[in-house]
Amino acid sequence: MSYQVIIPAAGQGKRMGAGKNKLLLELNGMPVLIHTLKVFEDDENCDGIILAIHPQDEDAFHALLKKYRIEKVKNLVPGGKERQDSIYNALKTVESEGIILVHDAARPFIQKNRIRRLTETAEKTGAAIIGVPAKDTMKKVRDNAVVETVERSSLWAVQTPQAFRISILLNAYKKAEEDHFIGTDDSSLVERISYPVSMVEGDYENIKLTTPEDLFFAEAILKNRES
Ligand code: CTP
Ligand code: MG
């Protein structure tokens, strides 16, 4: 049941346009980074957090970990150019066997019960991810023209966390490095080594804070949780 988690937090937040790492923005008076870390700090099944950070944020992040008494961060690693590089830097420091989760620092609304279901599935199958069925009609578009309507029932929007047996994720990352392949999530690297990945249904509110309007949704989610 226990797991370790890699949290990539070394982005620039360019699309948020806040002039600093979006993870330092506050929701209810607490930085996004801490909202996310607290979920794992408070999860008894979480054995340790490996945080990938940008050198420019090092002092600020250290101060926050201290202020909010986040004690499970056992390793701070430097981030890389791409999200994938940041995660690989973190993955290389993980020693023991077991289950590793990867969770974006920019998704503060993940809930413990989902983490539990995901981890249980990954323990059985070796690889599991969280996602939600697509709600909108989806079309393939090229040069502003519709190419086709894609069968929606088979489409899911994928989130994090994603959970893997450590050896499987390491193999997937090694192969991606060899092939100079950059994927948009960890599962895509595992899919490339032909390992089957299980899907666990998650929550629509596990949003990633990406652009400024996401902050409005975030405030609404927090308000709803309080009431
Ligand atoms: N991330 C990272 N290292 C990178 C790029 C991203 O650790 N080189 C992290 C981000 O900090 C974030 C997560 O990966 O927690 C998801 O990335 P994204 O939402 O794209 O965040 P940013 O890259 O910061 O935003 P943007 O792409 O708008 O610059
Ligand atoms: Mg990015």
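Keep in mind that glycine also has a Cβ here, set from the backbone N, Cα and C atoms.
Feature annotations, courtesy of TrEMBL:
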- Arg15: site 'Transition state stabilizer' (SITE)
- Lys22: site 'Transition state stabilizer' (SITE)
- Arg152: site 'Positions MEP for the nucleophilic attack' (SITE)
- Lys208: site 'Positions MEP for the nucleophilic attack' (SITE)
Among the recorded sites listed as Arg15, Lys22, Lys208, the Cα nearest the Cα of Arg152 (site 'Positions MEP for the nucleophilic attack') belongs to Lys208
Here the recorded sites are Arg15, Lys22, Arg152, Lys208; the one whose Cβ sees the most other Cβ atoms within 10 Å is Lys22
Rounded Cα distance in angstrom between Lys208 (site 'Positions MEP for the nucleophilic attack') and Arg15 (site 'Transition state stabilizer') is 12
Expressed in Å to no decimal places, the gap between the Cα atoms of Arg15 (site 'Transition state stabilizer') and Lys22 (site 'Transition state stabilizer') is 9
Reduced DSSP state (H/G/I helix, E/B strand, rest coil) at Arg152 (site 'Positions MEP for the nucleophilic attack') is helix
